[in-house]
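Enquirer: As listed in Swiss-Prot for this protein:
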- 68-78: motif ''HIGH' region' (MOTIF)
- 584: L-isoleucyl-5'-AMP binding site (BINDING)
- 625-629: motif ''KMSKS' region' (MOTIF)
- 628: ATP binding site (BINDING)
- 938, 941, 958, 961: Zn(2+) binding site (BINDING)
């Protein structure tokens, strides 16, 4: 085969003006910094989000917002959470559901109180009254809410921003008082002296959800011998039976027999009132070779001997129950106590098998002490300082100098067996980042035991995504103790109780609760601090107001946020209770999910949600937590607007941030960083450029005038619609399952593999070269119009700004002014032609195989454009043979279409092998031969045709192009 040269380049006329070139106002660059706010202003001006949420015909969908804390700048965790919620809400809106998303903020608590205090000098702090502090805290919270709200709005989040819920709002506080009151009247609230997690740095009790367990905590652990001064006769008899005689006199006995205990909190030893054993464990009296006997768990005897570096030989073995009643003397104080039977918490996993018991400083200790009638001794004040009850250790701080002084005293007394450092999980105050302690105080508790079974039943009725969430919260609720809900702070919702000044009797009844609730509903919680008892007490007690004092405790902030269902989803218009969905980080199984569940079940016997969906945490690209010290913090606003160095931190816009959220499997922790953002930006550009190409080819297309009926479309166009239908089905399923990473993958593959690299690549010729009204061009435009409308709608929940920009640049009337008014994309049944799927897949694979051979020719510089090539095919597989026969049965036009699909100038199927080949490939699919195409290059369409030069008016054009020019 030969290929001839056409006219010299400088003699060729230009046919550029005869081609159908792209025309669109949809730019290649998003210019997101300017364009996104314009689109957001358009939505607000038209009221599209709120009107759609109110006027949609479908049922209500309520995604109840877990309130972020009103303090600090927004971070990637906020972005992950709020964008996920927005994607879901926008999808439900487009499905026709009524959606009113009410954003919330958690506004009470210590961090805000500390911020207020930090902004004041010592003199100002001393002059600060509780009500002044509350006013300043409220002002600070409102300012923080305003800043965070502006950030959320810039991300394209749709919400009822003018009517958010804040836990400091009076209607919210009143609803919370109602929740507390109902629980109290049902018997679920009580006051008691009990060990609680206490933060000396905050000087308040903490709930489990307010604790964190940082890595690397080390405690000074000690093994201590308590001298035994008396044995029960029953134990003495059992020891004698084993050949072990012990002295009867207590002073002699104490010199030779010790109870060995182990503790990681030496500062609690002044509060020791017992040693506890497990009645079912074996214990031995072991001789250390120096005439000293130690009582330890038999199973631990060898390991303790190794630790103490002294031989221990068991002389007698008894059950734990036999040890009960042994009397020992405190090694540091003038106090005698007894060994008692504890519980299953006493094991042989660590320590000695005998547990130092201080009922004022541990839950197990407290429960054991209560069982045996021990007093609750707590010689530690609110600052963590030992009191006079600690004897010579008074004034020492338990987290500073107390441990060292007590260890030194143990050594001086000869009771210290061993001291060593011990690394373990230890609770810290999540706000101050300082260690906490267990400390018995008078607190208010929610008794979970009263409704635990109901709560577990409610958990079973909820859909947990991922499913592991159910086991997680189920085990937490099953095992959790009573909930300490009181805090010794000023900035919060008051616990509405009164105490009889002389007796301490508590007033908490339906009248007092109703009266306080009504006052707070009208005036807000500040009234508790502004008014005296005479105004706060119900009418039945006003005459004796002088006998009562109001409480000073406030409620745990988890009780605040955990009551949101009562104030928001069950009371506000356009919402539903239980809510359809709660969506927060996986840490909220122990936080908001649980506090909301407990309050809702306690009050109404039902969970406040139907489905709970959790996400992981945002990490850097190396999988590390973000921190200023590591310098790896990614700021969502820098992603959107760019950093100081725009080359290193370019402005990507909100849609790239949103695309990141859709791209990750958020059920686990998710990475984000500069490299990931660059990759996402590339994907964003591909989607945008694909959309631009579709729009640019529709500038002269009006569907009502130019559209071709589906049944009259060529095979490739019908296949493209069939493929679009399949992809849209898969995208819809991904949204329904909240698997947005599948949407991301489907979108990327559809825009790149199906459209850009296949359909649109093939369509260029008929789009550019055909006469404007040619059926082959109008057919392609028909498909492009149908696709761009549905593509815009399908990406709208995620790429909301791009979708709206596409919609506003569709050059023909769409019937709706916003993509969000167009509804979730659906496809007519006539698009679904399964007969096209298999043969077209074979032909796509054939195209890939041909492209591979053509690319080899290009790489060896045997070819420039693929249009310089002619290709002969010979099918090898039955499937491809069937596909080619199927194609031939559709007529010559479709066979010629295959040539266009391959982007070559000539195509031969079957026949004799060619000579003068550029390349060939005999693979499993087909024999592929490539030669130079015959004829000359058309100056307009660039195809090589044999009829070039036969048309005097256009000697450089092929017959097809001459015909087009005659019709233009």
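Backbone N, Cα and C atoms are what each Cβ position is placed from, and that goes for glycine too.
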Enquirer: Counting only residues 6+ apart in the same chain, whose Cβ is under 8 Å from the Cβ of residue 961 (Zn(2+) binding site)?
Expert: 15, 769, 938, 940, 941, 954
Enquirer: When you measure from the Cβ of residue 941 (Zn(2+) binding site), how many other Cβ atoms are you left with inside 10 Å?
Expert: 22
Enquirer: Going by DSSP, is residue 584 (L-isoleucyl-5'-AMP binding site) part of a helix, a strand, or coil?
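Expert: Looking at the DSSP assignment, residue 584 (L-isoleucyl-5'-AMP binding site) belongs to a strand.
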Enquirer: Which has the fewest other Cβ atoms within 10 Å: 938, 958, the binding-site residues listed?
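Expert: It is 938 that, of the binding-site residues 938, 958, has the fewest other Cβ atoms within 10 Å.
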Enquirer: Tell me the Cβ neighbour count for residue 628 (ATP binding site), meaning other Cβ atoms within 10 Å of its Cβ, over all protein chains shown.
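Expert: Summing over all protein chains shown, residue 628 (ATP binding site) has 7 other Cβ atoms within 10 Å.
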Enquirer: Could you give the Cα-Cα distance between residue 628 (ATP binding site) and residue 958 (Zn(2+) binding site), in whole Å?
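Expert: With distance taken Cα to Cα, residue 958 (Zn(2+) binding site) is 67 Å from residue 628 (ATP binding site).
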Enquirer: Looking only at Cβ atoms, how many others are within 10 Å of the one on residue 584 (L-isoleucyl-5'-AMP binding site)?
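Expert: Around the Cβ of residue 584 (L-isoleucyl-5'-AMP binding site), 21 other Cβ atoms lie within 10 Å.
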Enquirer: Look up residue 938 (Zn(2+) binding site) in the DSSP assignment and report helix, strand or coil.
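Expert: It is coil.
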Enquirer: Could you tell me the mean pLDDT the prediction assigns to the motif ''HIGH' region' (68-78)?
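Expert: In the predicted model, the motif ''HIGH' region' (68-78) has a mean pLDDT of 95.
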Enquirer: Return only the integer: C-alpha distance in Å from residue 584 (L-isoleucyl-5'-AMP binding site) to residue 958 (Zn(2+) binding site).
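Expert: Computed Cα spacing between residue 584 (L-isoleucyl-5'-AMP binding site) and residue 958 (Zn(2+) binding site) is 64 Å.
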Enquirer: Other residues with Cβ within 8 Å of the Cβ centroid of 938, 941, 958, 961 at the Zn(2+) site?
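Expert: Close Cβ neighbours, site residues excluded: 769, 939, 940, 942, 943, 945, 948, 957, 959, 960, 962.
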Enquirer: I want to verify one value. Collapsing DSSP to three states, which class is residue 958 (Zn(2+) binding site)?
Expert: coil
Enquirer: Of the residues in the motif ''KMSKS' region' (625-629), how many are helix, strand and coil by DSSP?
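Expert: Result for the motif ''KMSKS' region' (625-629), in helix, strand, coil order: 0 helix, 1 strand, 4 coil.
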